[in-house]
Each structure stands twice: as structure tokens, then as C-alpha cells.
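Shown next, in C-alpha cells, is the structure this report addresses.
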Amino acid sequence: MAETAAGASRFKANYAVERKIEPFYKGGKAQLDRTGQHLFCVCGTRVNVLEVASGSVLRSLEQEDQEDITAFDLSPDDEVLVTASRALLLAQWAWREGSVTCLWKAIHTAPVATMAFDPTSTLLATGGCDGAVRIWDIVQHHGTHHFRGSHGVVHLLAFHPDPARLLLFSSAADAAIRMWSLQDRSCLAMLTAHYSAVTSLAFSSDGHTMLSSGRDKICIVWDLRSCQATRTVPVFESVEAAVLLPEEAAPELGVKSPGLHFLTAGDQGTLRVWEAASGQCVYTQPRLPGPGRELTHCALAHAAGLLLSVTADHNLLLYEARSLRLQKQFAGYSEEVLDVRFLGPEDSHVVVASNSPCLKVFELQTSSCQILHGHTDIVLALDVFRKGWLFASCAKDQSVRIWRMNKAGQVTCVAQGSGHTHSVGTVCCSRLKESFLVTGSQDCTVKLWPLPDALLSKSTVPDSGPILLQAQTTQRCHDKDINSVAVAPNDKLLATGSQDRTAKLWALPQCQLLGVFSGHRRGLWCVQFSPMDQVLATASADGTIKLWALQDFSCLKTFEGHDASVLKVAFVSRGTQLLSSGSDGLMKLWTIKNNECVRTLDAHEDKVWGLHCSRLDDRALTGASDSRVILWKDVTEAEQAEEQAKQEEQVVKQQELDNLLHEKRYLRALGLAISLDRPHTVLTVIQAIRRDPEACEKLEATVLRLRRDQKEALLRFCVTWNTNSRHCHEAQAVLSVLLRHEAPEELLAYEGVQAALEALLPYTERHFQRLSRTLQAATFLDFLWHNMKLPTLPAAPQPSETHKGVLSYPGSVWLHGLSHPRSLATTVTSYHGHQGLSVGLHLPAHPCTLVGQPLSTVRLGLGHSEFYSEEMGTHPPARDDPTSAPPLALGMAWPQTGAVILPVLGPQGFWGA
């Protein structure tokens with residue numbers, strides 16, 4: 001028994017979410033505060049506030065209307081944040097507290113597209129899709145200006161840096177820049193030199209020069225005193241943002257001479273520095289390979305010395321402004337997560353493959369992110385070698401790459417190989433040692449790639465470039481796409497799963513076919529070897545998981561429970577349990593021995609493509625199409641310890657409750673019983689109080705001294721008790737105390753009081769109806785009692801025969817009658833000579849039991865027609881002793897309530913009740 005309990009305790013019972021890596025930026029504006037410590041960005045209906053140092057989301061601000069945020073801006077003093085939603089509402093936030101300080105209508109007839117603060121942080125300009133520009137005083141909370149004249153959507157606004165000049169610049173779809181005077185409430189000038197949308201405006205420190213950039217691939221320097229263009233610089237790319245650099249030397253950026261220099265970010269994906277006077281590019285950032293590198297936004301935080309740039313892949317990059325050295329990387333949106341893996345010997349990092357050519361490596365402790373470039377198309381699968389430092393990736397670019405992470409957490413590509421003629425959809429690394437990897441492709445072939453010795457040598461220089469891999473073995477394995485490959489723990493066997501609904505077993509390294517596993521009704525998504533037994537697990541699109549014996553290729557078990565395709569499966573608990581994930585967004589934990597689904601975990605909202613377990617088998621990692629990566633923690637032992645502690649606490653409290661009841665300390669006993677949340681225990685305490693001689697006073701005093709939350713719990717318990725006629729008296733007693741002593745306003749403030757009253761009323765009405773019927777029957781019997789008269793008994797009575805053969809003596813009363821489920825007729829007869837009296841009693845709605853037995857042996861029953869029974873041991877009085885007749889009971893009983901009404905008869909007539 002002990003071994004069985006120990007084995008059961010090793011099974012996992014539950015996982016809990018330890019951490020989530022969720023998208024926090026889905027495009028649009030991103031802004032740094034003055035200190036560079038906080039980053040503000042839009043994610044659907046929320047504006048997220050990130051702490052730059054840790055990469056964690058500090059605040060998530062969402063308006064009451066829960067509509068998408070169309071624009072936001074942070075004031076220059078970092079105190080006020082204003083957001084605009086698609087519902088045409090503006091919200092002013094105290095963002096550090098996460099509260100809205102003011103909410104008002106934008107008055108625009110279309111959503112607000114852009115907004116900007118003035119240098120004093122007191123005026124806010126909003127530009128709408130209706131072509132209007134409005135100015136708001138956010139201190140007094142009212143509108144001050146309304147400018148019309150722009151054609152199309154106003155997508156760009158900027159105040160002049162000199163607050164004394166009160167100038168506002170705007171640009172709309174007509175590519176013109178309008179200069180508005182807040183003093184004159186008019187448009188002072190219209191700057192027309194761009195031929196496409198203007199994307200940014202920047203001002204010099206003296207306020208006399210303005211730089212504008214556009215998608216027409218030019219940047220223009222304007223003299224604001226004459227409102228004329230002084231220089232047009234062709235930059236040969238669609239510019240999304242241009243930033244004026246401080247007028248100081250920066251040799252690392254090519255700024256060696258004084259003068260105006262600016263930095264551009266555009267569709268080429270590189271940051272470039274230009275000299276305005278000559279129009280020459282003096283610095284170009286090295287371009288990384290792969291699509292999605294286009295820059296969509298760029299901003300400079302002067303005080304912090306940081307430059308923020310945003311890529312089309314929603315990655316946010318922070319550079320040191322003077323040297324453009326990369327400081328931080330943030331993955332704002334991972335789109336569809338296709339695979340995930342733990343990295344490092346202690347699983348300190350995770351690598352994520354999403355619907356992108358880039359890989360993202362997250363450090364779990366600090367949330368820092370590293371974005372890896374190398375593949376030129378979407379990465380489809382990942383796998384990690386035994387020690388955790390090396391991992392492999394494969395992609396739609398028909399290549400496979402090997403990456404190495406150093407002790408500092410920096411990852412570099414150390415090897416790459418190509419040779420497949422189609423997308424490489426799956427990869428698996430050797431298990432015993434870092435010797436080879438296997439890839440499977442949509443070209444229906446499998447390739448075995450040995451790792452060269454130079455790759456494993458510690459003397460390999462990382463900067464020497466990736467080593468080329470050569471395939472040792474190529475084998476056509478299936479007739480359709482190969483979705484999964486797995487290497488056995490001994491590195492001697494290979495399993496493949498395909499869309500052709502079969503899995504196959506191969507001998508390595510020559511890839512010789514050993515057998516075929518057939519039985520699934522649809523294609524296979526995953527195959528996995530058991531770490532302990534000669535068993536293979538397969539997951540299929542038919543919604544099932546199967547276990548196969550490697551010796552005879554027979555199906556051992558089938559697990560059914562997923563409502564859709566099972567995408568991943570993994571062995572846990574030393575091969576005794578399975579973890580599976582499916583396209584239904586669920587993760588399931590199975591016990592192999594009894595085919596039982598122990599737990600279903602629901603945290604994803606879409607297909608769960610990635611599933612990986614840690615080395616210590618205490619955590620799991622999942623990634624899904626909902627862009628979420630979730631870290632799960634095994635909480636079985638913690639829950640068992642918590643449950644045991646609760647049981648021990650229950651035992652202690654139960655003992656304390658018994659002691660309190662014995663000592664008649666009812667208040668503490670009732671409070672303790674309520675804290676245990678056990679209605680039956682509370683009922684026991686109430687019954688103990690009501691058994692006390694001074695029950696009413698003690699019950700009233702005890703209930704009224706309870707806390708409000710305890711009274712709310714007691715009211716919930718009364719609802720349960722009131723449904724049972726045996727316990728309704730306790731419920732009504734408690735309700736009586738509450739109704740008599742609690743004010744109606746206080747009762748209505750109780751949590752759940754409406755539902756409690758709705759449940760109490762019908763049962764209370766039923767109880768009162770039952771009592772009313774009992775009272776009516778008792779009243780009639782009382783009437784019968786007071787109106788019944790019997791003649792005087794003779795001196796020498798003679799025995800006589802009664803009806804139905806029941807013996808009776810004059811002067812005594814005998815009962816005989818019949819019970820019926822719905823009606824009752826009773827005849828009471830007394831003989832004196834030839835005179836007799838017969839009384840009939842009918843109660844059609846309430847079945848009852850007649851009692852006609854000696855008082856000392858009275859027994860109540862339902863359905864007896866004769867009241868003298870040999871089984872009950874009762875007999876008529878003896879013939880020769882007419883005066884020895886014992887007292888008889890004539891009465892009625894209600895078995896449902898236990899009520900009995902008995903008038904007593906004796907030889908000389910009525911004795912009393």
C-alpha cells in the first residue's frame with residue numbers, strides 16, 4: 001500500500017500559470033518619457049506603460065467605452081496622458097495611478113487621428129479624420145480654438161517649441177503644412193513643397209528652423225521667419241520619421257563639423273544620419289537580413305540620451321543616441337507563435353518562433369528580449385540539444401540553422417545548412433550527446449545533419465561566421481508532408497509522422513525502415529518517444545493520441561478528449577503521464593495507466609502549436625496562435641500540502657467547536673462554524689442554542705453580535721435549511737431575529753439578499769400552508785371533543801358485540817375504521833342497552849391515522865383498518881371484568897409533522913386531554 005501511495009504521489013495533478021508573455025504593442029505611436037524609464041505604446045483598446053529596465057508592463061490603461069485607442073500623447077512634463085478612442089471620447093489620465101481624471105467628448109465628427117501637447121503642458125491639440133483641428137485647455141477642461149481648412153485626415157500636429165509664439169503646425173492628406181496662430185485664430189502660412197504625405201516635423205533649438213519629412217523620399221529644411229524652404233535633401237527612401245540631432249560633435253555618427261544634422265528612419269530598415277548643408281549621408285546603420293525590418297517610427301529622448309525606433313514587425317529598439325549602440329529590444333507583438341523551447345542548463349531563457357523570420361529569446365528573470373536575425377522566411381520549428389546551450393531552427397526558406405547561447409545570454413548563429421527543396425517544417429536534435437540533428441520537410445524527405453567538430457570546439461571564434469552543414473543521409477519517408485520527427489533517447493531510432501496518416505520507425509544513421517504505425521484516421525502532427533519505455537506516442541488531427549509498442553508496432557492505448565486536432569504531445573512524470581495541446585486551445589494532462597484525463601488547462605484562445613517541458617519536469621511552456629507564450633508550473637505538491645494543511649485545520653477547528661458547544665459559548669461557536677463554511681455545522685450550533693431553556697434570548701443575542709459578513713453567510717445557510725421541513729424551524733428562527741432587529745436598508749445591502757429572498761419565499765409559504773391545515777384539523781377535533789356526550793354507565797354491564805366483530809363493553813368506547821390515502825371515514829360507537837351514537841369525521845385533503853389502543857401501548861401508523869392487532873400485542877378487555885378496561889386513546893396523528901392530538905377515554909367517560 002505504501003508503494004502504491006508513493007507511486008500515486010509522483011503523478012502530476014495540476015499546472016498553474018506562472019507567467020505570460022503577451023503582446024503589448026500592435027502598431028501605431030510609441031513614446032518615451034523624458035527620463036527614458038517608461039515607454040508608452042498602443043495595443044488595441046489599451047495604452048500600455050512599460051518599465052524600460054525590466055520590460056514588464058506596469059500599467060494597462062483602457063477607457064470606459066472599451067473602444068480602440070486611435071491617438072494618445074504624453075505631456076512634456078510627464079504628468080498627464082491623454083487618450084482618444086474610436087467612440088470620440090477623450091480621457092485624461094493620472095497614468096502613475098492608472099485613474100481617469102477627466103473624460104469629455106472630442107466634438108470631432110470622426111475619430112481623432114493625432115494629438116500633441118504644447119511646451120507648457122496646458123494646451124492639447126487634436127486633429128481628426130474630419131479635417132478639423134481643435135485646441136483644448138486641459139487645466140480648465142474646455143475648448144479654446146477650432147481650425148478648419150485642412151483637406152482630408154489631419155494626421156500630424158506639432159506646437160512650436162517657443163511657448164510665447166503660440167504657433168501650431170498641422171499636416172493633412174493634401175501634403176501641405178499649415179501654420180496656425182492661436183493669437184489671431186487664423187492660418188498664417190501654408191508650406192507646400194512635399195508631394196506626398198508629411199510624416200514628421202522637427203524644430204531646431206533656436207526655433208527658427210523646421211525639418212519636415214515625407215513619403216516622397218525627401219526631407220525639407222524650412223526657415224520659419226520667411227516661411228520658405230531653404231534646403232531639400234533627397235534621402236531615396238520613404239521616410240517615416242526624421243529627428244534633428246543635437247548640435248554637437250558625434251564622431252561615431254559621422255558628425256564631425258558643426259551645423260544641422262538629422263537622422264532618418266524609413267522603409268529601408270536602417271537609421272541614417274544626414275548633413276543638412278551638403279545633403280550628404282554621413283552615417284548608415286548596417287542592415288540586417290530578412291523582411292519586416294522597415295522602420296515605422298522614430299523618436300529621440302534628449303534628456304535620457306536614448307533613441308527609439310519601431311520596426312514593421314512591431315519590435316521596439318532602444319539605442320544610445322550618440323553612438324546608435326543597441327541598448328534594449330522589445331518584442332511588441334509575436335503574431336502566431338509556432339514553437340517554443342526552454343534554453344540554458346537551468347531553463348533560464350525561452351526561445352520563441354512566431355510568424356516571422358526573426359527568433360525572440362526572452363530571459364525569464366528580467367524579461368529582457370533578444371531578437372535573432374538570420375532566416376529569410378518564417379521560422380516553423382525549434383529544438384534544443386541536451387545541455388541547453390545549442391538549439392536548432394528550421395524555416396520556410398528551406399534551411400536549418402544552429403544557434404549558441406553564451407553564459408551572458410547572448411545568442412549567435414554558429415551553423416547553417418540547406419538542401420531541402422521545400423519548406424523545412426520540423427527538426428529534432430540528438431538526445432545522448434550533441435552529435436547530429438534531423439530535419440523533415442514538405443518535400444517528403446528526411447535529412448540527417450552531423451555536427452562538425454569545429455562547431456563543438458570551445459576554441460571556435462564566434463565572429464568567424466556560421467559553419468556550413470552537410471547532410472549525411474537523405475531519405476524519402478512518406479508520400480505527403482512530414483510534420484514531425486523524433487529521435488529516440490539512445491540516438492539509434494528515428495520516428496516520423498506525416499499527413500499520410502501514418503508514423504514510421506527508422507534505424508539511424510542509415511534511415512532503414514523498421515515498421516509502420518497505422519491506425520489514425522487523419523494526418524499526424526506530432527510523434528514522441530517515451531523516455532523510459534519502448535513506446536511511441538502520436539498525436540493526430542483526428543483528435544486522438546495513441547501509444548504504440550516499438551517491438552510489434554501494435555496500438556497499446558488510445559486517448560480521446562480533444563474536440564479538434566491534437567498538435568503536440570509530450571511525456572512527463574518519467575513517462576507515466578502525457579501532456580497534450582490541441583487546436584481547441586486546450587492543454588490536457590493524461591495518466592497513461594488508466595487512460596484518465598487528470599486535468600484540462602484553458603488559458604489560450606487559439607491553436608496551441610508549441611509545447612515543451614523543462615529538464616526538472618516541474619514546468620511547461622506553451623505558445624499559441626493568440627500570440628501568447630505561457631509558462632506553467634507544476635503545483636501538485638503545493639496543492640496537496642495545502643489540502644493537507646486545510647484538513648488539519650478543519651480537525652482542529654472541529655475540536656474547538658465541540659469544546660465551545662460543551663462550554664455553551666455560543667457566539668464563538670457560531671462564528672467558528674460560519675468560518676468553516678459548513679451549513680450543517682452551523683445548523684448544529686443553532687439547534688444547540690435552541691435547546692437551551694432561554695433559547696429565544698440567547699439566539700437573538702448571538703445572531704445580533706455577528707459581523708455583517710457572518711450574517712450574510714448565515715442568511716445563505718437559512719436558504720438551504722428552509723427547503724427541508726425538519727430544519728425549517730431553525731431557519732425561521734434566524735430569519736425572525738434578522739427581520740425584527742435589522743433595518744430594511746441594512747438587509748437590502750447584504751450580498752445576495754435578492755436571490756436569498758426569492759428562494760426563501762416559496763418554501764416559507766409552503767410551511768405556513770402545512771401549519772394552517774394542521775390547525776384546521778385540530779380545531780375541528782376540539783369542536784368534536786366539546787360537543788360529544790355519553791350516557792351514564794349501568795351498574796352491571798353486560799358484554800355485547802360491536803360492529804365488525806370487535807368486542808366492546810357498555811361504558812367503554814372502541815374504534816374501528818378505515819384509512820385511505822386521500823380521505824378518511826371514522827366511526828365511534830358506544831352501546832348502552834339498545835341506544836347508540838355514531839359520529840363520522842372526513843378530512844379529504846390530509847391523510848391521517850386513527851389510534852384506538854390502550855394509552856400505554858399507543859402506536860401510530862398509516863393505513864390500519866383494525867386497531868386491535870395480535871402483532872402489536874393489544875387485546876380487548878376481558879368479558880368477566882367490565883371495570884378493568886384500560887383508558888383508551890381516541891385521536892389523530894400527522895406523520896409528516898409528528899403532531900398527535902389525543903383526547904383520553906376511560907370506563908366512566910372522558911378523563912381529559
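Glycine is treated like the rest: Cβ placed from N, Cα and C.
If you take every residue in the domain 'U3 small nucleolar RNA-associated protein 13 C-terminal' (654-788) and average the pLDDT, you get 83. Annotation source TrEMBL lists domain 'U3 small nucleolar RNA-associated protein 13 C-terminal' at 654-788.
Within the chain, the repeat 'WD' (105-138) has long-range Cβ neighbours (under 8 A, six or more residues past its boundaries) at 70-77, 79-80, 82, 84-86, 88-90, 92, 144-159, 161-163, 168, 170, 172, 180, 182. What TrEMBL lists as repeat 'WD' is 105-138 (among others).
What TrEMBL lists as repeat 'WD' is 147-190 (among others).
The repeat 'WD' annotation in TrEMBL covers 191-232 (among others). Listed by sequence, the residues of this chain that lie at least six past the ends of the repeat 'WD' (191-232) yet keep a Cβ under 8 A from its Cβ atoms are 155-156, 158, 160-162, 165, 169, 171, 173, 175-179, 238-244, 246-247, 260, 262, 264, 274, 276-277, 279.
Residues annotated as repeat 'WD' in TrEMBL: 372-413 (among others).
Annotation source TrEMBL lists repeat 'WD' at 417-459 (among others). Beyond its flanks by at least six residues, the repeat 'WD' (417-459) meets 377, 380-387, 390-396, 398-402, 467-491, 494, 496, 498, 506, 508-509, 511 of its own chain at Cβ-Cβ distances under 8 Å.
Within the chain carrying the repeat 'WD' (475-506), a Cβ under 8 angstroms from the stretch's Cβ atoms is held by residues 425-433, 435-436, 438-442, 444-446, 512-518, 520-529, 531, 536, 538, 540, 548, 550, 553, all 6 or more beyond its ends. Per TrEMBL, repeat 'WD' is recorded for 475-506 (among others).
Residues annotated as repeat 'WD' in TrEMBL: 517-558 (among others). Note on the repeat 'WD' (517-558): DSSP counts are 0 helix, 24 strand, 18 coil.
For the repeat 'WD' (559-600), the DSSP counts in helix, strand and coil order read 0 helix, 26 strand, 16 coil. Residues annotated as repeat 'WD' in TrEMBL: 559-600 (among others).
Per-class residue totals from DSSP over the domain 'U3 small nucleolar RNA-associated protein 13 C-terminal' (654-788), listed helix then strand then coil: 109 helix, 0 strand, 26 coil.
Secondary structure counts, DSSP: the repeat 'WD' (475-506) has 0 helix, 19 strand, 13 coil.
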